[in-house]
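A.B. asks: Residues or ranges marked as Fe cation binding site in TrEMBL: His122, His124, His197.
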Amino acid sequence: MEVIPTNIEEINNNEENNKIVEDRLRALTQTYVGIEKPLKGVAGCESLQDLITKLHCIFESNFVNIEYVHHLMLSYKSNPREWKKFAKFDRFRYTRNLVDAGNGKFNLMILCWGEAHASAIHDHADSHCFMKMLKGELTEVRYAWPSDTTTFIKNNADIAKLDDCEEEYDGDELREIGRSTLETNGVAYINDKLGLHRVENSSHTEPAVSLHLYCPPFNECSIFNKKTGKRTKCQVTFWSKFGEKRNKDAFMDTVPEDK
């Protein structure tokens, strides 16, 4: 549940604190590479609500232990009864569904992937990205950054469309640096220091559902053309918020995303 400031001074203090946390989190992306297993002897999460409560406690501090955040994502065990109300699918594209806005310090969301749905290759705007499988499997393909990182602007660039930066451009093909399959309760971690990635539900018969944590949150990222490395700015939006589906026509007029 979001706490709403009641006066201008409180709003200014919240904005200042959020900026402090944001700067420190972005700095950590230069050194943090993730953990593979939950921390020994450290309490985990009993439920999705427990995860949300503990995340809010962590992000109340100006000094966030990002390894502990990773531990909590690893420790949570998927329970469809807890997340089903947030899982909104679309037959044509994968969807991003906001679960908790994190008082402006993080975003927790559920992504729903229909059969063969995939993201474009994208970055994460200097944020930490944790991706946990709740149902099914996803394939993650990682790429090295292109040598030319000039950013282009295209109206309605869409991270859910693989051909949304296909215009003619004289650049080198992106180099694949890793490929893995994420199974139920597995967690992948990435930041911009570790590279770019593309996520795909390779199954043509089964949907997939994943839980994503982004800190700090962001409202735009970049998508990349695999053949040329062309970088295009892309705004990000939500298909639903807090279990309530947004107006579809309004959503389709905006520029969607992924992480």
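Placement of Cβ uses the backbone N, Cα and C atoms for every residue, glycine included.
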A.B. asks: For His122 (Fe cation binding site), name the DSSP secondary structure in the helix/strand/coil scheme.
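C.D. replies: Going by the DSSP assignment, His122 (Fe cation binding site) falls within a strand, counted as strand.
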A.B. asks: Within 10 angstroms of the C-beta of His197 (Fe cation binding site), what count of other C-beta atoms is obtained when all protein chains are considered?
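C.D. replies: Result for His197 (Fe cation binding site): 24 other Cβ atoms within 10 Å.
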A.B. asks: Looking at the binding-site residues His122, His124, which sits with the largest number of other Cβ atoms within 10 Å of its Cβ?
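C.D. replies: Result for the most crowded candidate: His122.
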A.B. asks: Can you see whether DSSP assigns His197 (Fe cation binding site) to helix, strand or coil?
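C.D. replies: Its secondary structure by DSSP: strand.
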